[in-house]
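**Q** Got a structure for you, written out below as structure tokens; questions coming shortly.
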Amino acid sequence: MNKPIRVVAVFCLVLFMALLVNSTYLMYVRAGELSEDPRNRRILTATYSRERGAILVGDDAIARSVSSNDKYRFQRTYSEPFKYAPVTGYFAYFSQTGVERSQNPVLSGDDSRLFVTRLVDMLSNGDPKGGNVQLTLDAAAQDAAWNGLEALPGEAQGAVVALEPTTGRVLAMASTPSYDPNVLASHDFGAVSEASERLNDDPREPLINRTIGTTLPPGSTFKLVTAAAAIESGNYDADSMVPGGFRYQLPQSSTTIGNYDGGNCGGRRITMTQALQVSCNVTFLSLANELGTEAMAEQAEAFGFNGTSLEDLAGQAQSLYPRDMDAPQTAMSGIGQSSVTATPLQMAMVAAAIANDGDVMRPYVVDEVRAPNLSVLDRTDPETISKAISSTTADELTRMLVATVDSGTATPAQIPGVEVAGKTGTAQSTADRPPYAWFVSFAPANDPKVAVAVLVQSSDTSPDEIGGGALGGPIAKAVMEAVINR
Amino acid sequence: MSQTGTLMGFVHRRRRGAELFLLVLALAVGIGAYAAVGLGLEGQVPADIVGYGGWLTALIVAAHVTVRIVAPYADPVLLPLVAALNGFGLAILRRLDITYEALDDPHTFARQQLVWMTLGVVLFIVTLVLMRDHRVLQRFTYTAGLTGIVLLVLPFLPLIGREINGARIWINVAGFSFQPGEVAKVMLVIAFSGYLVLHRDALALAGRRVVFVDLPRGRDLGPIMAMFGISMMILVLQNDLGSSLLFFGLFLAMLYVATERPGWLVVGAALFAAGALAAYTFVGNVQNRFNFWLDPLDYYDDSPGSFQLVEALFGQGWGGLIGRGFGDGFPERVPFAYSDFIVSTIGEELGLTAVMAIVLCYGLIVERALRIALISRDGFGKLMAVGLGAIFALQVFVVIGGVTGLIPLTGLTTPFLSYGGSSLVANWVVIALLLRISDQARRPAPRLDPVDESAADSEHTQVVKLR
């Protein structure tokens, strides 16, 4: 009977080998895939109970983990919750947003760049710690942006974003109404889900980061793009004579469109500079019509439209310049109406590109990633996305924008002793809602340090006051001053 | 049995000292794991470590001393393997007890299991002491067979039969729950061995030859069909896929070894395929298990669903190579982490390393059992050792394979690790039987030629002792 016993032995060997191989497959090969399953509560709890790294602005930790005496061991706390919430996002058990989400591998300590730290933690039997994330935000600029939005009358919905034109660093990113991420990071999950429901149901959408998540018609601020396209076409410069007048009749249509103030922009033929100074609708309607959809779309896309460029935050909406518009729509697009929409970040990028000799820099909010021992693991390098306009075009546009602030519609942004370039905008929405107020600017004009875009989406201010940069201008000015005077 | 002759000249060493050394290691595993559980979960070595360790040591020493006295030539590796597994299992149960208590669902699995282990060791000693030669069991071939079948039927009887977690495999007598199937396994091995050793020649006769394989004769199909019927009954009536597979696989292995006819394996495999197909088609539970096995993640939220299996997979994946450490995992998320899914608990907190160690321990037990079968001098002993080894191999493969997602999940206990008195006690007796057979196999063969001629001459009548 020994021969079949040996066969049985070999068969048993095969069974046990299969068990060993399958266990290895499950616990080594497949472990990564299983840990990524969103239903895996073990991973959730483990990440949630870890000492997470801090999020820093300057030298201050705006988000950090402090010891808590419960089973999750660490409580995420935000020192200036409302002001920075659009950037930091929140860190809750079931979901994360903002930098908390995009930099989660670093903050939780799972990033491969933290491998050595992890190894040391493991060998010394210490608890794993997350790395720190240094933001590009400038505390003074953020303060100015936030305080400006907070000071708006009524329950304003607004957004401010400031960029460093030469690098693309985001210096300020504020959005109102905001929310308190401390509430959502609480370990009392019942209260969290209640708060989260309330925030989600709030018609004023406090959870949205309006600087990147809201797209609206950019209105007159889009005239910068139209002007850029016109100068790039080679047929115009700042002193070229362009059509002015009271009204413009849309092509293939009997509809006519007048200027915002009902005037004639100063004559039937005016200089391009004057057209921009008074924000002449007639001029830019006719320029867009003349340039055509293709040239306009190409210019818009060179500035970053029809795409997203910020990689550090999720929840971005695409700024759109549709390529399938007909002639009247294309004309309307010249003044930032019809189907053109933009985020405040996109308009800040337009201003920054003009300030930066036409180079569009990729915006970024994460400056450095540091290990728990503060050694720098990674630093974001500025990256040029595209050359939107030639540097001569940029110079021409800058000159025109300086004139607009000096003696045009954008005077509220004047800073004594500093040359400021800026443009106002007012976009129409439906009749029963007030228009959106826009303001884009950069300063100093000869050596730009900051480019700002301000959007005031809804405010209790009467529609008349909105157009002249009365709402956005002072906020932009405060942010620019904060950066220049630091 | 042709080898018996060549083995005659070779005398096995007793190796009791080696067994003692290995037992010390085994105790270090059991008591060390218990201390590690305390350190991991409560931050200190458990206060009762001396009492617990002393009790465990006393049990193991008692077993060892018994083996020394009544089975001095027994295999020296089996007892240490079993002692290590049982001690380790107790530590895991203690670990789960602490967590369940924190969740206001207090259990005393470890304490009860220690009581069962004590009973198991007592029966182990009793078996070795009372049964000096395993061949006496051959007399009880049909008694054992009948007892085995009665035990399998017991759970269906009114009053004492109990259905727990969907499987009707329990009886309840005087407040004690008991799985008669665990004892039935041993009874059936004895019955099969006794039956097959007598009828192996008839069953080995060749019938039709199909593609190099001699199929058995049709008239000899009776026993295998009967066993197949019993297995299907267990499946359909008790809803117990695991036991059904176990009994049929056991019988098939023993039949093959007894007859040396691969043809029986062909017949058995065909029957198994037919049975599996029928079960898949007609038994909804089997179909579910099969689907959960194919795509466990897809049925996570369903009811009945694969929550238990997926949580076990999550846990083991999270454990990785070296595990999270005692107290840093969430084994309580897996229902029945203390019985069928104890391997996932081990995988989560001690990692692949520990799971491999466990599988190797079981592999060694099976290897020792088959080695005993090889060197056993009598056919009955050979068949019994093969049968007992096959039970271990099949049971471990089915349960660990199920928990790790290798094969569809079936409910079976993990020998010596899972919480459960019936299984633990029965398995200790199984080990006692294996040790007895190995003692018989390894002890020096009796000298058959009387050399003392003067003594032979002085007696006209020789008294021959047959024990």
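Every residue gets a Cβ built from N, Cα and C, even glycine.
Unlike curated entries, TrEMBL annotations are predicted automatically.
Residues or ranges marked as transmembrane segment in TrEMBL: B:20-37, B:49-70, B:77-93, B:113-130, B:142-161, B:181-198, B:218-235, B:241-257, B:264-283, B:341-365, B:386-410, B:416-437. Taken from TrEMBL, the feature region 'Disordered' covers B:445-467. Marked as compositional bias 'Basic and acidic residues' by TrEMBL: B:457-467.
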**Q** Which residues of the same chain, at least 6 past either end of the transmembrane segment (B:181-198), have a Cβ under 8 Å from a Cβ in it?
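**A** Distant contacts of the transmembrane segment (B:181-198): 137-138, 140-142, 144-145, 147-149, 151-152, 155, 169, 223, 240, 243, 246-247, 250-251, 254-255, 258-259, 379-380, 383-384, 387-388, 391, 413, 422-423, 425-427, 429-430, 433.
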**Q** Please tell me whether the transmembrane segment (B:341-365) and the transmembrane segment (B:77-93) touch - that is, whether there are at least 3 C-beta pairs under 8 Å between them, with each pair 6 or more apart in sequence.
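**A** Contact between the transmembrane segment (B:341-365) and the transmembrane segment (B:77-93): present.
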**Q** Please work out which recorded stretch in B:77-93, B:113-130, B:218-235, B:264-283, B:386-410 has the most C-beta pairs separated by under 8 angstroms from the transmembrane segment (B:416-437)?
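**A** Looking at each of B:77-93, B:113-130, B:218-235, B:264-283, B:386-410 in turn, the most contacts to the transmembrane segment (B:416-437) are made by B:113-130.
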**Q** Using Cβ atoms only, state whether the transmembrane segment (B:49-70) and the transmembrane segment (B:113-130) have three or more pairs under 8 Å that are 6 or more apart in sequence.
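**A** They do touch: at least three Cβ pairs between the two stretches lie under 8 Å.
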**Q** Are the transmembrane segment (B:386-410) and the transmembrane segment (B:241-257) near each other by the rule of at least 3 C-beta pairs under 8 angstroms (pairs 6 or more apart)?
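**A** Touching, yes - the transmembrane segment (B:241-257) and the transmembrane segment (B:386-410) meet the threshold of 3 or more Cβ pairs under 8 Å.
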**Q** Counting only residues 6+ away from its ends, which parts of the chain sit with a Cβ under 8 Å from the transmembrane segment (B:77-93)?
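**A** Residues 19, 22-23, 25-27, 29-31, 33-34, 36-37, 56, 60, 63-64, 67, 109-110, 113-114, 117, 338, 342, 345-346, 358, 361-362, 364-365, 368-369, 414-419, 424, 427-428, 431, 434-435, 438 contact the transmembrane segment (B:77-93) from elsewhere in the chain.
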